[in-house]
Each structure stands twice: as structure tokens, then as C-alpha cells.
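This report concerns only the one structure given below.
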Amino acid sequence: MASMALQLLGFFLGLLGFTGTIVATLLPHWRSRAHVDGNIITATGYMKGLWMECVWRSTGIYQCELYRSLLALPPDLQAARALMVISCLTSVLASLVSVTGMKCTRFARGSLIKSPLVLSGGICFLCAGLLCLVTVSWTTNEVIKNFYNPLIHSGMKYEIGLAVYLGYVSACLSLAGGMVLCWSSSGDRSRQSPPHTQRGQPPEALKGNHAPSLCSASSSGYRLNNYV
């Protein structure tokens, strides 16, 4: 029962991390820049994401435009796109494998394949969390480096957006879910391994290999003193 609770906890943590990763991938709030003039009515905010660039005005107008050319994007943005998409796909695979291997599901119930499936799902969640963590860490480094670069005009500098912070939280949830699933599967394997005697032979293999005792010889109709 405790192992099933651990599996459910790890799965829901990984599922929350997967949901946050999808939301962070789609949001345009990766890099934000606010420019406020003397009149607050003309205040505008610029945001850049992995797929689009948006402009928000204080009058309530919100406009977004998708990137039209993939090759015209900077290399760090192209790499961030690829890593986040791979992270989402890995989380999908982890969710499917974990569901089939959990004790509360009917798939392969009572089979020894359940524990390896849970372990595989946990490893996939770990990989997805690492991919998301690498992406948001790389983006954070680029934003901070450009912000303190004196050669870049102040009007072209950006700050870290909310999607990056959401990516950090999602990566931590995916990593936590993967570790819990791996821990629960290791406990299952240790309980499922049969006890072994010396030289690695199970007790069943030694049945019938012991020498017959005196009582067994006498009970079979033969007496030992007839052969001595």
C-alpha cells in the first residue's frame, strides 16, 4: 500500500511538472521589457517567447505576432524551442509508461514487468525535468548577460519573464516525480526477489537432493542390518 501511494505521488508530481512545462513553452513571457514614457497612458510592454512576440498597451490592446522565419531566429531561441518540445514529448512518454506500470492499473497485473515500467517512467520524468531545467537556465544566463552588457542600448534590454520562473518550478516537479517513481520501483524489486541459499540456489532446487535418513530407509521396507 505504501508503494502504491509513492507511485501515485510521483506520478502526480510528474504530471504537474508536465502541465507546467507545456504552459511555459506556449507562453510569450520568456523575456519582458517595459518602457514607460512621461505619460502613463502611452506605457507599453514588450514580451518575447519561443513562438511569438507580443506588445501590451495600457489602453488594453494586446497584440501578438508569430515568428515567420525559423532560420532568422537566434541560435539560442532555436535550441530552446527544440529542448522544450523534446521535454514535453518525453513527459508524454513518461506518463504513458508510468500509468501502465503502476499497481493501481489493470495492465499486466501480477507480472514482474510492472516494476521496470515504473522505473522507466521515472527515468523519463527525470530526463524531461533536466531538459526543461537546462533550457530555462540557459535563457536566464543569456538575459542577464545581455542586460549588463554596456554595448546594448537600454531600450533593447530585456528581463526574465514569468514563463522562465514557471519553467523552473515545472522542472523541479518533474525531477521530484521521477525520483519518487524510481524509489518506489526499487523497493518493489527488492521485495519481489526470492530468497536464495548458499551458492545462489533457491530452496526449491534443493528439494529431493538430500541424502535419505535412517528413518526413511527403514520406512521403505528395507532394514539397514540386512546389508551390514
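Even glycines carry a Cβ here, placed using N, Cα and C.
Automatic prediction, not curation, is the source of TrEMBL annotations.
Copied from TrEMBL, the annotated features are:
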TRANSMEM  79-97  transmembrane segment
TRANSMEM  117-140  transmembrane segment
TRANSMEM  160-183  transmembrane segment
COMPBIAS  187-200  compositional bias 'Polar residues'
REGION    187-217  region 'Disordered'
Intrachain residues whose Cβ lies under 8 Å of the transmembrane segment (160-183), provided they are six or more past its termini: 6-7, 9-21, 23-24, 27-32, 47-49, 91, 94, 98, 118-119, 121-130, 132-133, 135-136, 139-140, 143-144
Other parts of the chain folded back onto the transmembrane segment (117-140), taken as Cβ under 8 Å at six or more residues beyond its ends: 7, 10-11, 14, 17-18, 21, 24, 30-31, 76, 79-80, 83-84, 86-88, 90-91, 93-102, 108, 160, 164, 167-168, 170-175, 177-182, 184-186, 188
